[in-house]
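Peer 1: One structure coming up, written as structure tokens, with questions to follow.
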Amino acid sequence: TRPPPAGSTPSFRHHLSTQEKTPQICVVGSGPAGFYTAQHLLKQHPQAHVDIYEKQPVPFGLVRFGVAPDHPEVKSYGAEDHRALEIPGEELPGVCSARAFVGWYNGLPENRELEPDLSCDTAVILGQGNVALDVARILLTPPEHLERTDITKAALGVLRQSQVKTVWLVGRRGPLQVAFTIKELREMIQLPGSRPILDPVDFLGLQDKIKEVPRPRKRLTELLLRTATEKPGPEEAARRASASRAWGLRFFRSPQQVLPSPDGRRAAGVRLAVTRLEGVGEATRAVPTGDMEDLPCGLVLSSVGYKSRPVDPSVPFDSKLGVIPNVEGRVMDVPGLYCSGWVKRGPTGVIATTMTDSFLTGQMLLQDLKAGLLPSGPRPGYAAIQALLSSRGVRPVSFSDWEKLDAEEVARGQGTGKPREKLVDPQEMLRLLGH
């Protein structure tokens, strides 16, 4: 049970003990999946000893960093990376992932220096899911409406200076395939100071097709259809007429290239291939028609999905699917190693999905523990990790340290009526803790 020598990585498979009385369990990642798994294990096996490890100096993962500040009730989403567009011009200034943009306004330390240039009048978001709508809503919401949220001070300052008046959300398929949900859409339609732009032509023939689709999708499509084709009542018409900003959905368009400005120094538009749909139901594919269309803009945000990253060479990883190969949370060919959350099933679903999923992973671990399938014998647990960290000169941030940072953030927010003013610089956090 001696700690491993400095510079080596203790293998994941040694972190579990089958001693029925006090199994030692290590959870890597303190986002919703990590906390829910730990909660389930401790509830079902009160003698278990669970340690949670986190790479950031603050806990809770994308409960803290992944959700729009004006939606504190839905805190969700977690995976390490975004999917690349893999089109020419993606590297130009003025192009970034929606994930990095969300991290920036939520105070994720690695995105604090993003400083997006919002001096243009048009932004294009590639993608039509809830993250795309979140980003569009933050870009168009009057800044005074964000003052009492936990958005970072720096982001609020940039948004106050923003010149963005129009936001387009571009999707390869049609209105029946959008990935956002009705609550987010309704909020977007009613956004103060903004009006929706939907082309009635995109909705031709949809009335008949709606009959066959499941109820949530049907309600969502009906709301889109009404917004696109019905004349608004006098009050809503007046509201839209006075709106200084607008957002719209562009359907049947697939990004081919980010177009550079004449001097080649930044993004000036997106070249889109016009598509048509082939196939039926969920298997519907977007196929290029051969026509092209250029959409001018000064900001391009890609919101085409998140993906996980491989964590360690000793952990199997399917880089195509962005998941750890597993059966019901049991990592294939590595006894004693389990996974939950997006790294288990891919980046889909929200907090409630992750909760159920994490409980199931916890259940599998406890079943295996009971059946004596886990590596047995005493384990050093945190003592070995502590020795390893101190041999590397690393001083970890504890949960009581986090409580000090939490109190500091809340105190800083009180002056301006915000729930908290997030600390975004890890060095400042460590200074405050006296590390």
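In case you wondered, yes, glycine gets a Cβ from its N, Cα and C as well.
Features from TrEMBL:
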BINDING   Ala33, Glu54, Leu62, Trp342, Gly349, Val350, Ile351  FAD binding site
BINDING   Gln128, Gly129, Asn130, Val131, Arg172, Arg173, Glu184, Gly349  NADP(+) binding site
REGION    1-20  region 'Disordered'
Peer 1: Cα-Cα separation of Gln128 (NADP(+) binding site) and Gly349 (FAD binding site), in Å?
Peer 2: 15
Peer 1: Are any of Gly129, Asn130, Arg172, Arg173, Glu184 (the binding-site residues) within 10 Å of Ile351 (FAD binding site) when you go C-alpha to C-alpha, and if so which?
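Peer 2: Candidates kept after distance check: none.
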Peer 1: Could you give the maximum C-alpha to C-alpha distance in Å for the residues Gln128, Gly129, Asn130, Val131, Arg172, Arg173, Glu184, Gly349 that bind NADP(+) per the record?
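Peer 2: If we measure all Cα pairs in Gln128, Gly129, Asn130, Val131, Arg172, Arg173, Glu184, Gly349, the largest is 21 Å.
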Peer 1: So if I draw a 10 Å sphere around the Cβ of Gly349 (FAD binding site), how many other Cβ atoms end up inside it?
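Peer 2: Summing over all protein chains shown, Gly349 (FAD binding site) has 16 other Cβ atoms within 10 Å.
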Peer 1: Measuring Cα to Cα, how many angstrom lie between Trp342 (FAD binding site) and Glu184 (NADP(+) binding site)?
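Peer 2: For Trp342 (FAD binding site) versus Glu184 (NADP(+) binding site), the Cα atoms are 22 Å apart.
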Peer 1: Hey, of the binding-site residues listed (Arg172, Arg173), which one tops the CB count within 10 A?
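Peer 2: The residue with the most neighbouring Cβ atoms within 10 Å is Arg172.
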Peer 1: Counting other CB atoms within 10 A of each CB, which of the binding-site residues Val131, Val350, Ile351 comes out lowest?
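Peer 2: Among the binding-site residues Val131, Val350, Ile351, the lowest count of other Cβ atoms within 10 Å belongs to Val350.
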Peer 1: So for Gln128 (NADP(+) binding site), how many other CB atoms are inside 10 Å of its CB?
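Peer 2: Its Cβ has 24 other Cβ atoms within 10 Å.
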Peer 1: Might you list, by sequence position, any residue in that chain lying six or more from Glu54 (FAD binding site) with a Cβ less than 8 Å away from its Cβ?
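Peer 2: Listed in sequence order, they are Gly29, Ser30, Gly34, Gly61.
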Peer 1: Based on Cα distances to Arg172 (NADP(+) binding site), point out the closest of the binding-site residues Ala33, Gly349, Val350.
Peer 2: Gly349
Peer 1: How many Å lie between the Cα of Gly129 (NADP(+) binding site) and the Cα of Ala33 (FAD binding site)?
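Peer 2: Rounded to a whole number, the Cα-Cα distance is 21 Å.
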Peer 1: If I take the alpha carbons of Gly349 (FAD binding site) and Asn130 (NADP(+) binding site), what is the distance between them in whole Å?
Peer 2: 11
Peer 1: Between Ala33 (FAD binding site) and Arg173 (NADP(+) binding site), what is the CA-CA distance rounded to a whole number of Å?
Peer 2: 31
